[in-house]
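Colleague: Straight out of Swiss-Prot:
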type	residues	note
TRANSMEM	15-35	transmembrane segment
TRANSMEM	44-64	transmembrane segment
TRANSMEM	93-113	transmembrane segment
TRANSMEM	115-135	transmembrane segment
TRANSMEM	155-175	transmembrane segment
TRANSMEM	183-203	transmembrane segment
TRANSMEM	213-233	transmembrane segment
TRANSMEM	240-260	transmembrane segment
TRANSMEM	268-288	transmembrane segment
TRANSMEM	296-316	transmembrane segment
TRANSMEM	347-367	transmembrane segment
Amino acid sequence: MKERDVNDAQETPPPLEGKVSAGVLAVVVYAAAFASDRWIPNSLLSLPLLIATLIAAIVTWWGVPKLRGLKLGQVIREEGPQAHLTKSGTPTMGGLLVVPVGVIVGGLISWSGQAAEQLLAVAFITLAYMVVGGIDDWRSLTKHTNTGLTPRGKLLLQALAAVIFLIWAGMRGWISGDVALPFDINLPLNWLIWPLAVFVFLAESNATNLTDGLDGLAAGCGALVFTGMALQLTLRGNSGDPSLAGFCMAMAGCWIGFLVHNRNPAKVFMGDTGSLAMGGALTAVALLTNSLWPLLIMGGIFLAESLSVIIQVWVFKATKGADGIGRRVFRMSPLHHHFELGGTPEQLVVPGFWLATVFLVLIGIFFKPN
């Protein structure tokens, strides 16, 4: 029996190394950008992608020891997967290093006109969400717990930043009251677009936050979704979109550069500082370019992660008995932990979710609005 167990262990393939899967992801993103610049008129995606990647990788390499010196080590929740306890103390708040890189590189694409002001507005909301995430991370670190701001406090700050952005966009007439769908279909929402926009800001940023639970997971998915958003904007060719497409590629580049240090085994985590900024930037671009539909499809992993938490909590509360115990749909939520506890190693869950995002991006491009 022992000999058989040894043979079985020898036949089990080792988990995919983080640097290999991260390298493949980077090749996919760069190939898409180069192909767009080669064959699509007015496409300029490769340059901001390359510049942001290089700067982000260097800044993160420089910044990780600084974060470690400040003792900004992640506190791992004890009720999570036990294998994650070994990650305790890994520097967090890495978003502080790379989000400004993406914002600055993306913001330098256009210097005048409406495009420049839109880039400024997107930069504002991205940095505002980074600050909210930073406050949350800092409170968590100073309290030595896995929780920072209260959920209500965090949502209020996010909503306030979103409302300021929407007032700015509304005064300039940048946001359409119709939601563009495939096949020349437009969903007329009129004034309802405004409460929907606030909801999407809150939902998307918290969904990207929930996705940031495994080494490289959120960074890789974010890089792919930003790339997909840029490609569909370039293909649609609407006025003003090329600048925002370039901004998306700068953000994709900053996350690829971050992934050099965040892939398994991670030397740094993005924290809420990075994940909230990621969701805020994606939502802002989607609203300004009437791309809520593509974002919904391409960000399907973010949606699935968020829904898994909602379903888990709802079912548990609905079935809770007198003993205080309820049923669970998933082994643990968010969704990536369900697969982990099912025996799939982290090094396979992450590239699996990346691959799913690639397919979702392709679907979003194929069924893009006109």
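Along the chain as shown, the residues are counted starting at 1.
Every residue gets a Cβ built from N, Cα and C, even glycine.
Please go over these features one by one and say how buried each is and what sits next to it.
Modeller: Distant neighbours of the transmembrane segment (15-35): 45-46, 49-50, 53, 215-216, 220, 223-224, 227, 230-231, 249, 252, 256, 259-260, 263-265, 345-348, 350-351, 354, 358; these residues of the same chain sit at least 6 beyond its ends, with a Cβ under 8 Å from one of its Cβ atoms.
Within the chain carrying the transmembrane segment (44-64), a Cβ under 8 angstroms from the stretch's Cβ atoms is held by residues 26, 29-30, 32-34, 36-37, 91, 94, 96-98, 101-102, 105-106, 109, 230-231, 234, 242, 245-247, 249-258, 260-262, 267-268, all 6 or more beyond its ends.
Here the transmembrane segment (213-233) has Cβ contacts under 8 Å with residues 18, 21-22, 25, 28-29, 32-33, 36, 45, 241-242, 244-246, 248-249, 251-253, 255-256, 258-259, 262-266, 270, 274-275, 278, 281-282, 285-286, 289, 291, 294-295, 298-299, 301-302, 334, 336-337, 340, 346, 349-350, 353-354, 357-358, 360-361, 364-365, 368 of the same chain, all six or more residues outside its ends.
For the transmembrane segment (296-316), same-chain residues at least 6 beyond its ends with a Cβ under 8 Å from one of its own Cβ atoms are 203-204, 206-208, 210-211, 221, 224-225, 228-229, 279, 282, 326-330, 333-336, 338, 353, 356-357, 360-361, 363-364, 367.
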Colleague: Same-chain Cβ contacts of the transmembrane segment (268-288) under 8 Å, 6 or more residues past its ends?
Modeller: 60, 63-64, 67, 74, 90-99, 102, 118, 121-122, 125-130, 132-134, 136-137, 148, 158, 161-162, 165-166, 169, 174-175, 197, 200-201, 204-209, 211-212, 218-219, 222, 225-226, 229, 240, 244, 247-248, 251, 255, 258, 261-262, 294-295, 299, 302
Colleague: Could you give the residue numbers and ranges of same-chain residues that sit at least 6 residues beyond the transmembrane segment (347-367) on either side and whose C-beta is under 8 angstroms from one of its C-beta atoms?
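Modeller: Sequence-distant neighbours of the transmembrane segment (347-367): 15-18, 21, 24-25, 28, 182, 214-217, 220-221, 224-225, 227-228, 231-232, 235, 264, 293-295, 297-301, 336, 339-340.
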